[in-house]
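Peer 1: I have a structure here, written as structure tokens, and I will follow up with some questions on it.
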Amino acid sequence: MASSSRAHRLGNTQRHCTDTLCLLLFVVFLLIYGSMCFLAVTLGHTSILTQPTDSEGNICGQGSYQDRPNQFYFDISKCLAVTGPSSLVRCPTRKVCVKTCPTQYNHYELLQTEEDIGISKATTRSKLVCVYDYDPLRDDRTIVQIVQLNLCAPFTLESEPLLNRCLPSILVNLLPDMTSDQLNISSALSLLENGVASTDIHTNLSQSSTNEMNTHVFQISQFTQIFGIIIKDIQKTWSTVCLFLFVGVCLMLMYILALRCIAGLITVISIMAFMIILFVISTYCWYTVYSGNDILYATYTVTHIINDYIRLRTIYIGIGSITTFLFSLGLLMICFLFNRLRLGISMLEQASQAVFCALSAFLLSPVIIIAMVLLTLTVVFISMNLSTIGTPIFRVVDAIPGCCDNYTNGNYCIPEQFKKYNYSEGRCEFQDFGFDENYFEYQYNSFIYKLMVFTLFKYQKYLQWFNIFAYFWIGAFLYAFEEIVLAGVFSDYYWSNDKTRKMSPLPLLNSIFIVIRYHIGSIAFGSLLIASLRFIRLLLNYLNEKLSKVDDNIIFRFIFKCLSCIFWCFEKFIKFLNKNAYVLIAARGYGFCKATRKVFGYMLSNCLRFFVITQLTELILICGTITICSLNAFLFYRYLIYTNQLNQLIIPWAPMVVLIALNYLIISICFSTFDMAVKTIFICFLEDLDINDGTVERPYVMNNDLLNLIGKANALNNKNIKQKKVKLQKHDISKK
């Protein structure tokens, strides 16, 4: 038994820092991860993932090329010949940064013809797009010779920037009046081919890749048009959607208030509705099976094939068996676990009262969600930096054998050194960011900088795994912080003798202060367990994919699937255990191990109570979510009709779907807080039974309704009752 000083509400002076070793480990981990993030951001080049680069590795729109934000391809036909998402990034042609994209079609042979008939150089050569630091007006060679030396592009097209890359306008601006037959890559290529026959654009494309690109472009166009209509409809009704989001929040609070007053009635209605639905589905399935209505008929139409599929006997038997089992299980629970259902109803009432005594608790979940979004963006940004660590790597391209001394295609090269030889064939072009010791020796003298880049680049893969683990641990830490703070708020309500007057004036802030002051180590401990299990599951899935590519052994795949399933179940159990342990940590100041041990003991000795209260809470919250979303959607629909807004919408269901989705999100966030309140009240109830015995020294903290429900009483209450009975008897005697 605990001492009487710990039998009730725990003061700050009675607490101590818990799990300090895990706290130190977490701090060291954050320092290491922060250092890695700093180096990754310093040495990474994420701009190459969003901003285009030229053939020399310069990022368009940055540095000395700040006034040249767009990338121009000398021969874009080579880009069109390569399918896939990397076609524009790994395009095998010279690329330069330009201020603006070309606005008209020009071809070097046509320009040469114009120059031959007497048109000035200033007119013809000003239309060329050339390499940096080269002025074709000062070159006495012909335009043909200049293009053959790859100093200027052979042609230009009417182009527009797309992601800062100059692409043909016919591909960028898909005209809305074009039909599906016209809206394809073939029409663009035929236009290019008619004007630029000598560049062999169309011949570089296979028919299969052209057809594939046709399909993608048309699908994107259709999706873009539909998406635009949906956005316009949402914009028209945005104020109404916001209004009914507020209505949904009000309905949610009314539902929680109803649980405070008529939790029993709501529970009975929810259980009856659930049982009726199960009974109807089960009856229909078995009737369909035994009446012979599930017989298939021969047909080849898509509709009939789908109908045949859903009328299969096995599907009806499966659904019927599941619903029958759930219906039978529900009947058994109602018959044999009635008292525990009453306890669950009482817990819902107490949780509702606790929530209304601390409405500020609803503010914590949105803050944690915002923090998780920021964490996700940070981890993705760090991953992008890690993947682009290094310096520009240049390789030789377009070199013929024996043209460039010892250089061959694919060899590392340094642009400044390569230009000195003035090779007529072959170029030294930027390929990627990485580590090349020869380039470092030439470009950098700092040994420390070289060592950092080399280390991060060499262990880049392991650092990516470390980044993922950091995401798991910090994310689990944030959710655990939310759970333990909410547990502190609602446990403060439970352990207060006067539930409304003796709670902390600012329960949420007070709970946050206590958690940060005393229990960060316990949160780090619990979140480390969750992060480790998630990381192990991720590694198992990764190894399974790798081994299946090398040797698709069914035995190994089965073993990995089983291990992954085991760790998934173990993770769910640990999460459930942690969530309940956090209640005891927040309420009684225990360390993580002691709280977990006590909760596990409570689970073993009260397994039926845990099962009933958990499932009952889920059922009540699911029914509440469905009811609130449905009612709010119906009110929204009637309001649109009443205000004549429905007739102005092209796709009327679009705003309603948005409203239901946002409403569901908000309600789920709020109900997760209510669910934590139920768990907190229940664990505190079990702890109350464990550390108190109803004597004058250790009276129960629970209210009289719970005491009567479990057949317990406080000695002080019994004494007061006896005194009242004696007074009443004396009063009756005096009257006589």
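Using N, Cα and C of the backbone, Cβ positions are placed for all residues, glycine too.
Just so you know, TrEMBL annotations are computer predictions that nobody has curated.
As annotated by TrEMBL, transmembrane segment applies to 21-43, 238-258, 265-289, 315-338, 359-382, 468-495, 507-534, 554-570, 619-641, 653-674.
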Peer 1: For the transmembrane segment (265-289), find every same-chain residue at least 6 residues outside the stretch whose CB is under 8 Å from a CB in it, and list them.
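Peer 2: Result: 258-259, 311, 313, 316-317, 319-320, 323-324, 326-327, 330-331, 334, 341, 344-345, 348, 616, 619-620, 623.
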Peer 1: Mark yes when the transmembrane segment (238-258) and the transmembrane segment (653-674) have three or more Cβ pairs under 8 Å (sequence separation 6 or more) and no when they do not.
Peer 2: yes
Peer 1: Excluding the flanking five residues on each side, which residues at least 6 beyond the ends of the transmembrane segment (554-570) place their CB within less than 8 Å of a CB in that stretch?
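Peer 2: Tertiary neighbours of the transmembrane segment (554-570) are 533, 536-537, 540-541, 543-544, 547-548.
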Peer 1: Give me the stretch from 21-43, 238-258, 359-382, 468-495, 619-641 with the greatest number of Cβ pairs under 8 Å to the transmembrane segment (507-534).
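Peer 2: Out of the listed stretches, 468-495 contacts the transmembrane segment (507-534) most.
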Peer 1: Six or more residues out from either end of the transmembrane segment (468-495), which same-chain residues have a Cβ under 8 Å from its Cβ atoms?
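Peer 2: Apart from its flanks, the transmembrane segment (468-495) reaches 8-10, 26, 29, 33, 350-351, 353-355, 357-358, 361, 364-365, 368, 371-372, 375-376, 379, 503-504, 507-508, 510-512, 514-515, 519, 522-524, 526-528, 530-531, 534-535, 538, 578-579, 582-583, 585-587, 673, 676-677, 679-681, 684-685, 688, 701-702.
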Peer 1: Given a Cβ distance threshold of under 8 angstroms, which distant residues of the chain, six or more beyond its ends, lie next to the transmembrane segment (619-641)?
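Peer 2: Apart from its flanks, the transmembrane segment (619-641) reaches 237, 240-241, 244, 247-248, 251-252, 255, 259, 266-267, 270-271, 273-274, 348, 649, 652, 655-656, 659-660, 663-664, 667-668, 671, 674-675.
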Peer 1: So what's near the transmembrane segment (21-43) in sequence-distant terms, Cβ-Cβ under 8 Å and 6+ beyond its ends?
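Peer 2: The answer is 378, 381-382, 385-386, 389-390, 452-453, 456, 463, 466-467, 470, 473, 477, 520-522, 524-525, 528, 592.
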